[in-house]
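Structure first, then comments.
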Amino acid sequence: PVYISIGCNLPAIPHPTFSRDPVPFSLAPKLSNQMGLEAAVEAAAEFLNKAVKPVLVGGPKLRVAKASDAFVELADASGYALAVMPSAKGMVPEHHPHFIGTYWGAVSTAFCAEIVESADAYLFAGPIFNDYSSVGYSLLLKKEKAIIVMPDRVVIANGPAFGCVLMNDFLKALAKRLKHNNVAYENYHRIFVPDGTPLKSASKEPLRVNVMFQHIQKMLSSETAVIAETGDSWFNCQKLKLPEGCGYEFQMQYGSIGWSVGATLGYAQAVPEKRVIACIGDGSFQVTAQDVSTMLRCGQKTIIFLINNGGYTIEVEIHDGPYNVIKNWNYTGLVDAIHNGEGKCWTTKVFCEEELVEAIAKATGPKKDSLCFIEVIVHKDDTSKELLEWGSRVSAANSRPPNPQ
C-alpha cells in the first residue's frame, strides 16, 4: 500500500484545465450479454427440467443484485421448494407458500437441510460459502448438482460458466422456461412436524433464552425490524418467523462482534417508520456501546434487548479460554449515564419471565416513543442447541492442520 499526503490547501487551488462546473456522478448501467444470457438460460432450463425434485436457495447477494423480486417470481413460476441461506433471511418473504426455512447445513430449520441436500438439483442465487455459512465446510452439497447464480455470472453443474449475465435478467428469463415441479415441497410438507414450544416457566424462575425469544416473536409485525448481533442471537433470531413487511438484518460474512449497535443506529435512522428490535449480547455491546449516545441524540425509539450471560458465548463454543469471560458492567446504569436527562430513554433489568412480560408491555405501551433498553439476565450456559452444534463443527474446521498444498 502507498499513502499520498496532500496539503489541505492544495485541493482547492484552481487551474485553467479544470472544469469549473461539478461533473455529475453517474454509473453506466450494466447490461447482460444477450447471447450469453440466452445460452445460460437454455442450459439451466435443460438441467432443471430433467430433475425430479429441484429446490431454490436464496443467498445474501440477492440484495446487491436487486434480484429478490425476480427470485420470488422464479419460485412462483416453478413451484420449487424455496429456502434461504442464513444471511439472506428477510430477503425472501417467509409467508411464501413454498418457503421451507433457512438452509444452514447441520443447523438448518427443521426438515429444510434434508430436503435441500437430498435434491437432485439446486439453484443457489447469490450464495456466499465461507466457514460460518457452511458450518465449518460441512454442507452435504455436490457441485455437479448445483446451478450457482452470482450477480453477473452463472455456473451450471460445475461445468459451463456464463459471464456478463445479470442475475435479475437470468432469473426472470429462466422463470419462463421451467416446467412446474413441486415434488420437493410436497416431500417437505409430507414429513414436516411443527416446532415445539419452550417448557412453561415456574413463578419467578430465572429467565431462559428460549422463553425470551417466544415473547420477542409476539412483538413482530410489518412495523418492526429485527437486528441480530453476532453470537447466539444469530441462531435465536434465525428461528423467528418474520411477518410480511418485517425487516431483518444479519451479518455473518466477517463475524464482526459489536456490529449490530451501529447497524441498529443506521437502520432506525434510515427507516424511522419501523421500530427496531435489536438482540445484542453483553460482550458485543461492550465493543460499541457509545453508539447509543447518537441513537438518543437522533430521538430513535429502538428496543434493545441486552442479553447478559457474562461473556462471549459463541467464542466459548469455538475456542474457549479465560479471555471469553468479561468484566460485568452495570449496563442500565451506563445507558442512564449516556442519557443524562436529554431525550427519551427508559431502562430496566429483568430476571424472570414475569418481569420480561411487564417490560415488553411498557416498552410497547407507555414508552413506545422512547429508546427502551432492557437488560436480560440469563445463565452463562443458556445457549441454543444450534450454537452448540455449529460451534463444534467450526472449531473442528478451524483447528485442522494446514493443507501442505
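Note: Cβ is positioned from N, Cα and C throughout, glycine not excepted.
Keep in mind that what you see is a predicted model, and the values were worked out from it rather than measured.
For the Mg(2+) site, Swiss-Prot lists Asn309, Gly311; matching the candidates Asp195, Asp282, Asp336, Asp369 against that entry yields Asp282.
Report note: the Mg(2+) site is defined by Asp282, Asn309, Gly311, and the residues of the same chain whose CB lies within 8 Å of the CB centroid of those residues, excluding them, are Gly281, Gly283, Ile307, Asn308, Gly310, Tyr312, Thr313, Ile326, Lys380. For Glu315 (substrate binding site), other Cβ atoms within 10 Å of its Cβ number 17. Put simply, Glu315 (substrate binding site) is 13 Å from Asn309 (Mg(2+) binding site) when counted between their Cα atoms. Gly311 (Mg(2+) binding site) has a Cβ environment of 20 other Cβ atoms inside 10 Å. It is 13 Å from the Cα atom of Glu315 (substrate binding site) to that of Asp282 (Mg(2+) binding site). Under DSSP, Glu315 (substrate binding site) is assigned to a helix (H, G or I) in the three-state scheme. When other Cβ atoms within 10 Å of the Cβ of Asp282 (Mg(2+) binding site) are tallied across all protein chains shown, the result is 23.
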